[in-house]
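Participant: I'd like to ask some things about the structure below.
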Amino acid sequence: MSTPHSQGLSAVLRHCVLLITGALILIPFVWMVSLSIKPPGEIFRASFSFWPQQFYGIENYTRALTEAPLPQYMLNGVFVCTMIVVLQIAVCAPAAYALAKLDFPGKNLLFAMVLIALILPHEVLSLPLFILGYQIGILNTYAALIFPYVVSPFGIFLFRQFFKTIPDDVIHAARLDGLSELSIVWKIMVPMALPAIIAFGIFSVVSHWNSLFWPLIAVRDQSLMPPPLGIMAFKNEEAGNDYGPLMAASTLVVAPLIIAFLSAQRWFVEGLTGGAVK
Amino acid sequence: MSRAASTAIKPAGSSADRHGTRKALRHHRLAETFAAWSLAGPALVLLVVLFFLPVFAIFAIALTDWQFGASNLSFVGLGNFKEVFADEGFRASLVNTILYVVIVVPGTIVLGLTIALLIESGKSCRAFYRAIHFLPFMATLTAMAIAWEALLHPTIGLVNQTLAGLGLPTANWLRDENTVLPALAMIGIWQNLGYAMVLFLAGLKSIPQDLYDAADIDGADLWLDRLRTVTLPMLGPVTMFVFIVVALKAFETFDTVQVLTQGGPGHASEMLLYTLYRESFEYLRTGYGASVAVVFLSIVVALTLIQARVMDRKVHYQ
C-alpha cells in the first residue's frame, strides 16, 4: 500500500506535469494576445516577454476593428449560426419525435437514411451543393451559407435518443388534453429534452462559427463573410506581415467562444463530444 | 401507400361491433401515419435534396469530363480515376494525408490518455485542467493557425527563439518540405488532444470500482500494476472509438493547410481535402474534383464502418 508520504509526492508530481502540459497548450493563445498588444518594432525585435514595453493594444485593436470589417464578420457569424441552429431544431425535433414515439410505414427506412447521412462528410457534398446554390441563384448570399445545414442528421439522431427516454404516458396525457402532435413536440418533448437541445445547439454553433470550408466556397463579398473567412481575407490582404492588428483580430474572433466555454464548461464538453461522453 | 396498407388490413370479422373497433383502429393508424409523415416530411425532403441527391450527383459527375461553366460534357467512364491516380500531385496529397494521420492519431491518443490518467489520479483542480487542455478543440482554428504561424516564424517566432536559445538547430518550419508536414501534424495534435482526453475521462469514470478492489486483493498494489491489469484493458473500446474519430478528423484537415501553406512548398503539405477544394473550386475541374471526392468519401466511409462494427458490440442504440 502506498504511504501518505508517497501519495503527497505523486500529487505534487501530478500538478507539476499537468501545469507544464497546460502551459504548453496555452502558448499559442498567450502568444496571440501578447503580439496583439505589441508595437511592430517590438514584435520584430523578438523577445520572450509577454508584456510589451510600450503598450500598443489600443492601436492594434482599433486597426483590427476598422481596417477589416471585423464587427461585420462577427455579426454575420452570429446571424448565420443563429439561423442554422433555429432551422435545424425546427426541422429535426418533429422528425425525431416521429421516429421516437410514432409508428408508421417507412419508419425504419427513414431512420436508415438518417444514419447514412450521418456518415457522409459534408465536404464531399460541397460540389453538388455549390451547383445547386448556383442553379437557384443564391450563391454569395446569407442563404448560401445557411441552406446546406438546415437539416442535421446528428440532430435528428440525438433528439430521437433523448425523446425515447420520455415516458409514453406523458404523451397519452397530452393527447387526452387535446394537444395536436405538433404541439406535443414543442410544448412537451422539446422542453423535457432541453439538455439535449442545448448540447446540440452548442455543437452546432461552435462548428459553424469555426467553419472555413463551405463559406470559402459559398460567398465572395466581404460584407457576407463569417469570422474565419473574414480573418483569412484580412491576413491575405493588407495585414500580411502586420502581426499586431492580425493577432488582435484573431483574438477577437476566438474570444466569444472561449468566454462562453469557460462559463459553461460542462455543457460545452457534452455538446462537442456529441453525447459520446454519456 | 396508406391506401394500399388500409386495403391489406381489411377486417375479416362480421360482427358489427368488432367491425366498428377495427374501423376505429384503422382510422387511428391512418391518423398516426399521416401525423408522422407531416412531422418528418420536411426533414425527409431536405435529407434527400441536401444529402442523397448530392451523393448520387458526385458519383455521376465523377464519370464525366465536365468543367464547371462548360456547356457540353461527355462520359469518360473511369477516366478521371485513372488520371487522379496517375497525377503526381494527387498521389503526394494521398501519401501526405496518410502520413499526417499516422502522426496525429497516435500522438493525440498517447497525450490525451496520459493527461486523462493524470487528471483522474487526483481529486483537486480536475475541472481546471480539463478546461485548459480542451480549449484548443473549440477555438477557431483559422484564427489559431495565424497564431501558430507567428510562433513558427523563422526569425521572430517563439519556437525558433527557444531552440536557438537552447543551442538547438532551427528551421523554417512551414516553408521547408521536410518540416512542413510534421509542423502541421503538431498543430493537429495540439487541437485534438483535449477531445481525446475528454473521451478517455468518460471511459475512466465508467470503470467499476470493484475491478480495482479485486485487483488490490490479487496483489496489484502499485499504480502501474492497476494501470496494466485493469485500466488499460477496460479502456480498449474507448480507445478504438477515439482512434477512429481522431483519424476521421485528421483526414478532414483543411483549415491549417489553406491558411498556412496552400499545399506547399511544392506538394509537401498538400492534403486530400485541400486538393478536393482546389481542383473543384479554383481550377473548376469539376469531373476531376468529383472523383477526388469519391476517393475521399470511400476512405471516410470505410473508417466509419469499422467504427460502427466496433461500437455495435458495445453499444445498442435502441
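Every residue gets a Cβ built from N, Cα and C, even glycine.
Unlike curated records, TrEMBL annotations are generated automatically.
Here TrEMBL flags A:12-31, A:73-97, A:109-136, A:142-163, A:184-206, A:243-262 as transmembrane segment. The domain 'ABC transmembrane type-1' feature in TrEMBL is assigned to A:74-264.
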Participant: With a Cβ cut-off under 8 Å, give me the same-chain residues at least six positions beyond the ends of the transmembrane segment (A:12-31) that come close to it.
Facilitator: 50, 254, 258
Participant: Between the transmembrane segment (A:73-97) and the stretches A:109-136, A:142-163, A:184-206, A:243-262, work out which stretch tops the count of Cβ pairs under 8 Å.
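Facilitator: Against the transmembrane segment (A:73-97), the leading stretch is A:142-163.
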Participant: Do any residues, 6 or more residues outside the transmembrane segment (A:243-262), come within under 8 Å Cβ-to-Cβ of it, and if so which ones?
Facilitator: 29, 32-33, 35-36, 38-40, 43, 56-57, 59-61, 63-65, 67-68, 70, 73-74, 206, 209-210, 227-228, 230-231, 234-235, 268
